[in-house]
Amino acid sequence: MSLETILMTVFSSTLIYAAPLIFTALGGTFSERSGIVNVGLEGMMIVGAFSSTVFTLSFSNALGTATPWLSILVGGFFGFLFSILHAVATVNFRADHIISGTVLNLLAPGLCVFLTRIIYNGKGQTPIIEQGLGTYTFPGLSKIPVLGKILFTRTSLVAYFAILIAIVSWYFLYRTNVGLRLRSVGENPVAADTLGINVYKYRYLGVLISGFLGGMGGAVMAQSITMNFSSNTISGQGFMALAAMIFGKWHPIGAMGAALFFGLAQSLPITGAYIPLLSHVNSVWFQVAPYVITIIVLVIFLGKAVAPAADGTNYIKNK
Amino acid sequence: MSTSVVEMRHITKKFGNFKANDDISLTLHKGEILALLGENGAGKSTLMGMLSGLLKPTEGQILVEGKEVEMESPRDAKKLGIGMVHQHFMLIPAFTVLENIILGEEPLKGGRIDYKKASQEIERLAEKYQLDIDLKAKVADITVGMQQRVEIMKALYRKANIFIFDEPTAALTPQEIDQLMKIFRALADEGKSIIFITHKLKEIKEAADRCIVIRAGRVIDDVMVADVAEEKMAEMMVGRKIRTTVDKAEVDQSKAVLEVKGLNVEKHGLQAVKNLDLTVHTGEIVGVAGVDGNGQSELIDALTGMRKIKSGSVKINGKEYANHPVREITEAGVGYIPEDRQVVGLVLPMTISENLALKNYYRKPFNNHGILEYADINQNGKDLIEKFDIRSQSEKEAVGSLSGGNQQKVIVAREIASKPDLLIAANPTRGVDVGAIEYIHEKINDERNDGRAVLLVSFELDEILKLSDRVVVMHAGEIVGEIDPKNTSAEELGLMMAGKKIADAE
């Protein structure tokens, strides 16, 4: 294989695996910037993966090639609905954020597998999706010498979309007044409240956007990688996204960069065989690599990274 | 001066059965600086809470610009032009000064924040009121004085006409206080009205036109500041005569108890204490003056065994104790009244008795082969509560439910009851009211008169000058000079604290 082809393979599979993580890590960023810790990303991804798969299986005949794309929005919508639980528990009922998030993570697989059995005649997993997101070759851009082949040929369009969303998220959080207010309630809700900012409203906004993006992340996972839904469709990607968010210092662009790095780690089991130096390594190491890297990154960066000052605290309004 | 901008009529505020404010009436005129004087817990903050929309009065009316108003939230108060500058600043350290000022009132241009327009508007105001602020700096990186100016600017930016300041000088250096008083004047000259809460009489004399004294929820008096002496106001506030000096007995000061030589301490890899020498003798109070953050905390942490010493020697009664465990240092006869009583000094959910036993719980009589002897612990609690006048319901009450002054008395009781050879006191009266300050000062002075050594670190210059036999000034981790408290004014000391050597100050 030529170097160009190897790079193209590595790059496109990195993007494919990174896309779900980018969406979800951005979701985590919104939630935690507003002050609500979100370990429930895994659960939100599961709900997104399940709902998008059901949607695709049910409507692909009627809607054709647009189905997987629409199903991502469906996944986002159900992730959004699911995240209301987290918002109500943490914002209104002042529950511990970690516990509430854990509840989501326990609830989601149970609920979705149960529904799968009901819908698909007792089977624990859905049938395979016939038409996934597939790969995409950019017209024009792919003609650029060398780079065109590596970056824009047979690659993941949804990953480029995710990168676009990361840039939009940055603009939203750091350039608009809504973003400034959302960040302010994550830093010092008491101060924000004295300035007439509705702390509950902006924290809801953070959690719900997080649910939508987390659901999208799960949907992308199901529509481009696993191609069906079962109990292990989402196996730790929510936590990897959380790690990416921390690694990226709670910043949308940072989280995106970290998610790309984790995407590379996750794609190694597939691409490792093609990379000359790595081709002799036992593939078991590639299988465990993403998880080991997640743990190492967390251990190294969790202590040093500066989270939003009021992240994980509940706000009680004085009367 | 005659138009009234705020009128509070017969305000009563009850919390349960407790009357925090009892039939208080108050008028504020245009362009006036009004001081609200009272001890902690007198009800000043409650009263201002109602004027700033945080609390609702149980009875009574509030009139702003002659119209009766009802405020549901601070937002309503803002709309009426009332700006509150809280004692604990309501700022976001991770944001820039500019972001902090415009938060909640951001000018927009095409969906994004128009930072340029905001900066221009704020710079215009800054010039008009002579507020020196750096809009691009992060709040985490600016001085306390500038943080306060940012708070003032926040209110100005929201077009406030009435300013409420809650203990505005608590964390400022004397120079910053002067600057603040000038800002007060500038605001008043532009027709703004100011109410400031304080228990410091000097500031009232310096800045206020009129003073309302509140005690136990009632208005005691309403006086023109120019007509009344400081001592008289103190008496009105506390309800009895206050002593501003302590009696120093002649004691033997020949023997050194604490000897520090060439001490170096690091914090986050930075040199916090540099090559410091310090000696404290028997029967002597040595004051360490300095602006917060010049190595005092690190010095104390190093002496008490809470922080690693990089190099140097710390001798207590002639024996080396550098980098020894805390318990060994305590047992060598060191008592410690820490700076932050709630974090370091006390375990808030535990009872008074338990807190009083925290230093000796592992020894007889409190401990019998690993079993706590609660009868002795509680008896000890009862005795000390009486001896140190700790106002509480019983020795089994949680320390967290006591007032700040009484919490501090618990620590003072524990540390003094163990009869230490060396007492280290860090800001022992921070956030404590005048009555308790007087009491704690006397207790510390008694220790000195009994021939013990006392190291006093404080940001309150009056406290340092009142208690100390000798004062050393700390700046940037070094001792920059030593002065005689009898011949030095607070102003001179303030200049030295800002880093000027003695020669420059004179």
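Numbers run from 1 along the shown chain.
Including glycine, each Cβ sits where the backbone N, Cα and C put it.
Pulled from TrEMBL:
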| type | residues | note |
| --- | --- | --- |
| TRANSMEM | A:6-27 | transmembrane segment |
| TRANSMEM | A:39-63 | transmembrane segment |
| TRANSMEM | A:69-91 | transmembrane segment |
| TRANSMEM | A:103-120 | transmembrane segment |
| TRANSMEM | A:157-174 | transmembrane segment |
| TRANSMEM | A:204-223 | transmembrane segment |
| TRANSMEM | A:259-278 | transmembrane segment |
| TRANSMEM | A:284-307 | transmembrane segment |
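Long-range neighbours of the transmembrane segment (A:259-278) within the same chain, counting only residues 6 or more positions beyond its ends whose Cβ lies under 8 Å from a Cβ of the stretch, are 1, 6, 9-10, 13-19, 21-22, 24-25, 159, 240-241, 243-244, 247-248, 286-287, 289-290, 293-294. Highlighted: of the candidate stretches A:6-27, A:69-91, A:157-174, A:284-307, A:69-91 has the greatest count of Cβ pairs under 8 Å to the transmembrane segment (A:103-120). The listed stretches are A:6-27, A:39-63, A:69-91, A:157-174, A:284-307; of these, A:69-91 has the most Cβ pairs under 8 Å to the transmembrane segment (A:204-223).
Take the transmembrane segment (A:69-91) and the stretches A:6-27, A:39-63, A:157-174, A:284-307: counting Cβ pairs under 8 Å, A:39-63 has the most. A Cβ distance under 8 Å defines the sequence-distant neighbours of the transmembrane segment (A:6-27), meaning residues of its chain 6+ beyond its ends; these are 38, 41, 44-45, 79, 135, 149-151, 153-156, 158-163, 165-166, 169, 209-214, 216-218, 220-221, 224-225, 237-238, 240-242, 244-245, 248, 252, 255-256, 258-260, 262-264, 266-267, 270-271, 274-276. Sequence-distant contacts of the transmembrane segment (A:39-63) (same chain, at least 6 residues past either end, Cβ-Cβ under 8 Å): 20, 24, 27-28, 70-72, 74-79, 81-83, 86, 97-98, 100-109, 111-112, 115-116, 119, 126-127, 129-131, 210-211, 214-219, 221-223, 226, 228-229, 233-234, 236-239, 241-242.
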